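To start, the structure under review is shown below, and the notes come after it.
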Amino acid sequence: MAKRSRNMESNSERSSRPKKKSKGDAKPEQPPYVQSAELDAVPQSEIDDFLKSNTIQISDPSIKETLRPITAFSYLPSDSNQLYGPLEHFSKPTPIQSVTWPYLFAGRDVIGVAETGSGKTLAFGVPCIRKVLEINASHSSFRISAVIITPTRELAMQIHDQLVKFTPNGVGLACIYGGASKDDQRRALKKASVIVATPGRLKDFHSDESLNLKKVKYLVLDEADRMLDKGFEQDIKDIVSAMPSSRKRQTVMFTATWPISVRKLATTFMKEPVTVTIGGDLSSDIRANTRIKQIVEVVKPENKESRLLSLLNQYQRGRNAMDKVLVFCLYKKEATRIERFIRSKGFKVAGIHGDMNQTERFNSLDAFKSGSVPVLVATDVAARGLDIPAVKLVLNVTFPLTVEDYVHRIGRTGRAGSDGLAITMFTENDKALSGGLVNILKGANQDIPEALLKFGTTVKKKQHDSYGAFFREADTMKTATKIKFDD
C-alpha cells in the first residue's frame, strides 16, 4: 500500500529548504526546489491514485514534508539550459523518476529501490546534470563535480551514452572502466565535470593521482547491491573517503534489492536519506518485474539442448524470426557450446562472456541491439544493468547461482513499461534454490509448477561473514563462489 505524509497537500509556495547548519556541516548550496503551480493544481486524489497504483512507499527520516511526484514533464522545475529537450522522446516520467526527482532537485540524499528497467538512469542523471550546470556557472575551471559508480563496464558505457544526450557544451563527461586505454581515459578526465566509472578503475586513477575527488558534490552508487556482490565494498569506501563528507555532498543510491549489506552501506555514506520503494515493501529483499510472465520448466539436464531448440523453433520462426531472444548460461564454456549449437541449427546468434575481449563483446552487443543478430547467448556478465531494447524472450538454459541473479536475468525483458516473457529450465541440480524461486514466483503472481514444489519450498538460513545470520526472503544459498565446472 502506498504511504504518504499528511503534509502532501497542495501549496504553490511549497519549497524544500535545508535546515540551517554550521558552515562546516552545510550541504552544497543550490536553489531551493519549488513545486510548480501546475503540479500544485493536481487534485490530491490523483496523487493518491498514482502512489497506490504503482505500489510506491516513501520513507523520510527528517521532519520535512513529502514532496509531490512529478508525474508529467511539464511539472519539472524551470531550466534555462534546455536540459529537458531529450525527454520529448518519452511520453511521461517513470514512477521512480516521478517520485525521486523532487527530492533530488531539492538536494536531498535518496535511496531508490526498484526493479530493473524502471528508468533509474534518468532518475539520477537529470538532477545530476542540472546540479553540475549550477556548479559550473560559478566556476570557470574544470572540476569533477559528480561521480557515478556502477558495477560493470557495460553498464558504465550505457549510462554514459544516455547522459551524453542531456549534456550541453561545457559539461565534460568521462567514462572510465577496465580493459580500455588508461592514457585515453586520463585525457578525458582532464576536462570532465561528470565521471561514470567502475570501482576498480576509479580507485586506480585516484591512487595514482590522475583525478581529484575533493570537489565532488553529487555521488551516485548505481546497482549498489551488485557492487557488494562483486566484492567492491572496500574499493567504494576508499573512493568515498576521498570525497567531501556526507554533509557536504549529495548522495544517491539505486538498488534492485534491499539486503542488510546495502542498508549498512547507506548508513555509512548518506545523511538522512529519503527511501523510495517501487512495487514492493522494504521487508522484501528482492522482487521480480510483474510485467514479465515467468514460465519454469523442470527438465532433466540431458534434455536441455533439445528443449532449447524446440523453444527457438517456437519463438524464432516465421514472423517472429527477428524478435530478440537472450539465452543465459552459467559458465563460459557452456555459453560457447550453446552458441555453436544454436548456430548449427540455422539461427543467427552471437555470444558475450568473460573470455571475450572488449572489442568482441562490443561487437556482439551492437549486433544484438541493432537486430542484425536476434539471438544472444550470455553468461551473467550481461545479466545486470544492460538496457537492450525490445528483448522479447529470456531463456535460462542453466539456473544461476542465486535467485537474485535469476531476477536480474529475467529483467532484461519487460523493460520501460512493456511486457516480457522468461522461460527457465530448472533441474534437480538446482533444487537448493527451489524455495527462493517459489517465493519469487508467488510475489509476482506467477504459476508454480507442481514439479518445482516437489523440490521443497523452504528458504534456508543464510550466514554472512560480516553480518552474521539472517533470513533472505528469496535466497537459499550462501554467497556465490567461483566454481570450475564447465570452464
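Even glycines carry a Cβ here, placed using N, Cα and C.
Sequence annotations record features per position, and here Swiss-Prot assigns motif 'Q motif' to 71-98. The average per-residue pLDDT of the prediction over the motif 'Q motif' (71-98) is 89, rounded to a whole number.
Taken from Swiss-Prot, the feature domain 'Helicase ATP-binding' applies to 101-276, supported by sequence analysis.
Look at LYS120 (ATP binding site): DSSP puts it in a helix. Non-local neighbourhood of LYS120 (ATP binding site): ILE96, GLY112, ALA114, ASP222, PHE254, each in the same chain, at least six residues away, with C-beta under 8 Å from its C-beta. Annotated ATP binding site per Swiss-Prot: ALA114, GLU115, THR116, GLY117, SER118, GLY119, LYS120, THR121, in sequence order.
If you look at the motif 'DEAD box' (222-225), the same-chain residues 6 or more away from its ends with a CB under 8 A from one of its CBs are 120-121, 124, 148-151, 155, 159, 253-259, 261-262, 265-266, 384-385, 404. Summarising the annotation, Swiss-Prot assigns motif 'DEAD box' to 222-225.
Residues annotated as domain 'Helicase C-terminal' in Swiss-Prot, with sequence analysis given as evidence: 291-456.
Between the binding-site residues GLY117, GLY119, GLY117 has the most other Cβ atoms inside 10 Å of its own Cβ, all protein chains included. The DSSP secondary structure for ALA114 (ATP binding site) is coil.
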